[in-house]
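K.L.:
What TrEMBL lists as domain 'ABC transmembrane type-1' is B:77-266. Sequence annotations record features per position, and here TrEMBL assigns transmembrane segment to B:7-32, B:83-102, B:114-137, B:143-162, B:190-212, B:245-266.
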Amino acid sequence: MSGTWMTTRAWLLMLPLLVVMVAVIGWPLVDTVGLSFTDAKLVGTAGNFVGIDNYTKMLSSSNFSRTLVTTTWFAVASVAIEMVIGVLAALLLNQEFRGRTFLRALMILPWALPTVVNATLWRLIYNPEYGALNAALRQLHLIDAYRSWLGEPGTALAALIIADCWKNFPLVALIALAALQAVPRDITAASLVDGAGPFARFRFVILPYLAGPLMVALVLRTIEAFKVFDIIWVMTRGGPANSTRTLSILVYQEAFSFQRAGSGASLALIVTLLVTVLALAYAALVKKTAGSAT
Amino acid sequence: MERKSPAFTVFIYVCAVLLAVVILAPIAWLFVMSISPAADLAAKPLRWWPQSADFSRYEQLLSTAENSAGAAFTASLRNSLEIAGMATVAALLLAIPAGWAVSRTPSIGWSLSMVIATYMLPPVALAVPLYMGLSYLGLLNNVFGLAVVYLTILAPFTTWLMKSGFDAIPREIEAAAMIDGAGLFQTLRIITLPLAAPVVATSALFAVLLAWDEFFYALLFTSDQRAKTLTVAIADLAGGRVSDYGLIATAGVLAALPPVLIGLVMQRALISGLTSGGVKG
């Protein structure tokens, strides 16, 4: 069989996927770019061409800069905590103890719990009147009066980060555990003979095996965290006083609540650009890590 | 193995118990809330364990009596099942041929890379045109419309999983069948697909889980019982004026049950699917 025919056949088999992807992703993305240069409303008239007005307006608004800070803070804090706790949990699950299989099976639960259910669950836990957190802290005499954890700008974002970490650290733990199980036993044994302490062993023997998979987990989690919408919408809708408003929530408000499709589109593309830059920077980092680890 | 001091063993067990409590406590509390009488949940100090288990909320939510809380809930349950089912089947129909093609003809791999790169796109970047397009086609608040939109998430992911699955099947087996005179589609049907069945199953499960979990598009593109999904129904309950928190918890338990069961039963397959991306990069 000739190579050309093989390639043609492969393209034919790819075709349905590519057609659908162009229809549901390619065309909408191009259309978003077009819309971002107009003052179109969500319903009704097509809108007039306004050049880069939307972009300059959005980029210079204090809403945008404040939301960017909130989003970055959410992404950095939640991903950092998830990575640290996830790796610690994986190191634990890689030890030998009774009930290990059961504990490993438990790790799948938070991951499998739908995001909206997780958000609802934590919203109930944080409830200012009847929530379990207030009740527990009060009964342990750690607080004097019930607090509105999601209702105060000072605590709302931290409360969201905790809820997000609880759901997502097990995924990091499972990825790290799979990597740990790939570390050859004789290497760890040899390092023991050579007198390496636990920290030296982690740093120089185990970490090289973890670095690659963890970098990938880090990239995926950061991109997800930067796009975060669901958990915030269900728990706080960006409030109180916009203290938990992330970029995706801001785009939603602009395009759908205020029905300003044009400026909403420009904002969405700014977010897309930020995520892309982030992903490319990470991709370079992953390549470097992969190169140095082996 | 390394020698372990008793102190180290105790430390390991303390950590293990701590981890188990951290994972289990919120989930257990969700279930306890769902079976606690409303008075217990509003009691101060809070009653952590119900005086008597009350399963009436499950009955209430699963009843289909008209205009009840159950009618809205069961409608959203049916919508979620329909949408997840349709989107998963459609995604696999696209993913299996595409995944095989890329696996056997690496020179076209860049096209799959482009498809997968769309993962970076925040859904908000597509939402406005999709909304206008669905509105134009009369597919807003429609299960078919939402299932098509879900292909933006499901199709790239399943194709990538299928491609790695086909990579693990030696092409020599296919070549042998063809030498024996089987045509391409015959070979795929008789040889390749049966071998790839576990990967197809894993991909289908991931696709169902992704569709079941989706919230953003469902929130935007559905407005009533004809198409609202479970996630939107639960968000409505959580954000609405429901005074019985136990009812919200019950809805959460019911919505979490299918994916949690899938997760527990299919643990091994799911983890290998999750980590293959992580390990291979």
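Note: Cβ is positioned from N, Cα and C throughout, glycine not excepted.
TrEMBL does not curate its annotations; it predicts them automatically.
What you are looking at is a predicted structure, and each value in this text was computed from that prediction instead of being measured.
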K.L.:
At a Cβ cut-off of 8 Å, and with pairs 6 or more apart in sequence only, do we get at least 3 pairs between the transmembrane segment (B:7-32) and the transmembrane segment (B:114-137), yes or no?
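P.N.:
Counting Cβ pairs under 8 Å, fewer than 3, so no.
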K.L.:
Give residue numbers and ranges for long-range contacts of the transmembrane segment (B:114-137): same chain, 6 or more residues beyond its ends, CB-CB under 8 A.
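P.N.:
Sequence-distant neighbours of the transmembrane segment (B:114-137): 145, 149, 152, 155-157, 159-160, 216-217, 220-221.
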K.L.:
When you scan the chain for residues with a C-beta under 8 Å from the transmembrane segment (B:143-162), skipping those not six or more beyond its ends, what do you find?
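P.N.:
Distant contacts of the transmembrane segment (B:143-162): 79, 82-83, 86-88, 90-92, 94-96, 98-100, 102, 112, 115-116, 118-119, 123, 126, 130, 134, 137, 196, 199-200, 202-204, 206-207, 210-211, 214, 217-218, 221-222, 226-227, 229, 273, 277.
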